[in-house]
Amino acid sequence: MEEIGIILPEKDDQVTDAKGLPFAGPQTFDELESEDLYTKYKKLQRMLEFLEVQEEYIKDEQRNLKKEYLHAQEEVKRIQSVPLVIGQFLEAVDQNTGIVGSTTGSNYYVRILSTIDRELLKPSASVALHKHSNALVDVLPPEADSSISMLQADEKPDVQYSDIGGMDTQKQEIREAVELPLTHVELYRQIGIEPPRGVLMYGPPGCGKTMLANAVAHHTTAAFIRVVGSEFVQKYLGEGPRMVRDVFRLAKENSPAIIFIDEIDAIATKRFDAQTGADREVQRILLELLNQMDGFDQTTNVKVIMATNRADTLDPALLRPGRLDRKIEFPLPDRRQKRLIFSTITAKMNLSEEVDLEEFVARPDRVSGADINAICQEAGMNAVRENRYIVLPKDFEKGYKNNIKKDESEYEFYK
């Protein structure tokens, strides 16, 4: 190589560039890779610092939002704190406002709290209103503002059919109309007929109408709702019809159920040209009752029993078939019925062998089952008064005179 003028450096000689500096030569692959990793490391480190700053910022925001949330919760609790005004939701205007009716009879255009579930705001729903602004702050459960309650299992009357003397026909008719459709509905389906929807029990006072209804409540597992007709007559307009709706709503929710309305003549008398607001309100209650009885079908398993002393005063629309299909009369007991009632009531009494109940049964006075029970109770009290453990015939005689043989002059005060 020297011959052609090229001198190769020795191995120990250092290669320099044009400036005389040592020449590094091309970088290896490992060196390039380490430089890329270092750059990535720096980028990740800067990103980590940025995320740490963001984390601190988010934590501060979270603490502030939590404080605002707790403050808002306290504000909602303060708004919903009692005492609140109970009202009735009538209509929704938009998502934030609606129309409600108060217990005073006035309607208000109010604001609806944003935390309230709009699905619960249905017409006739019970709501809570703020006492100052009347804003709608809560939706109450259906049973909260209802004066109608259902008898629980331990509250049902302890009256059995065997405790009622006589009335075999009435017992059979009410069991066919009320008990059988609830327990053996397939019998009516096989025959192809519909069971009665409602039953009317009518007759003079003291003939066992309410007692027989209590026996039905005792012997059936269905829910039993008992109300008196006068309970529907309330002070404010619209309260009576709302109570009627509550009764049937409660019965449908707990079906199979039995509704027993005692003294139905308080709200179901024949309609006339009412001149006062009270009479018109009673007629509205009757119309709501008729509407509810038409509104439920046989699949709901709801039966209605009504009792009255004055069937002649009831509105014909209530008595028509389809509403009250079966009408059961409770007349004053005849001689056979008297004997059965006396035997049933005195079965647990300690009677003397000289007592002849047939003597009192044969008397021509028209007495009711309640009168016979009063006679036996008075006879027992006479024995207690004389410190005896046995009831004698004279005790029954005194009891009979005290309850049946009344001088008409004693009732002049009531004439």
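Heads up, residue numbers simply count up from 1 along the chain you see.
Positions of Cβ are set from backbone N, Cα and C atoms, glycine also.
Positions annotated as ATP binding site by Swiss-Prot: Gly203, Pro204, Pro205, Gly206, Cys207, Gly208, Lys209, Thr210. Every protein chain considered, the tally of other Cβ atoms within 10 Å of the Cβ of Lys209 (ATP binding site) stands at 26.
Close to the recorded ATP site, the chain also has Asn309, Phe330, Ser368, Gly369, Ala370: residues not among Gly203, Pro204, Pro205, Gly206, Cys207, Gly208, Lys209, Thr210 whose Cβ is within 8 Å of the site's Cβ mean position.
Cys207 (ATP binding site) falls within neither a helix nor a strand when secondary structure is assigned with DSSP, and so counts as coil.
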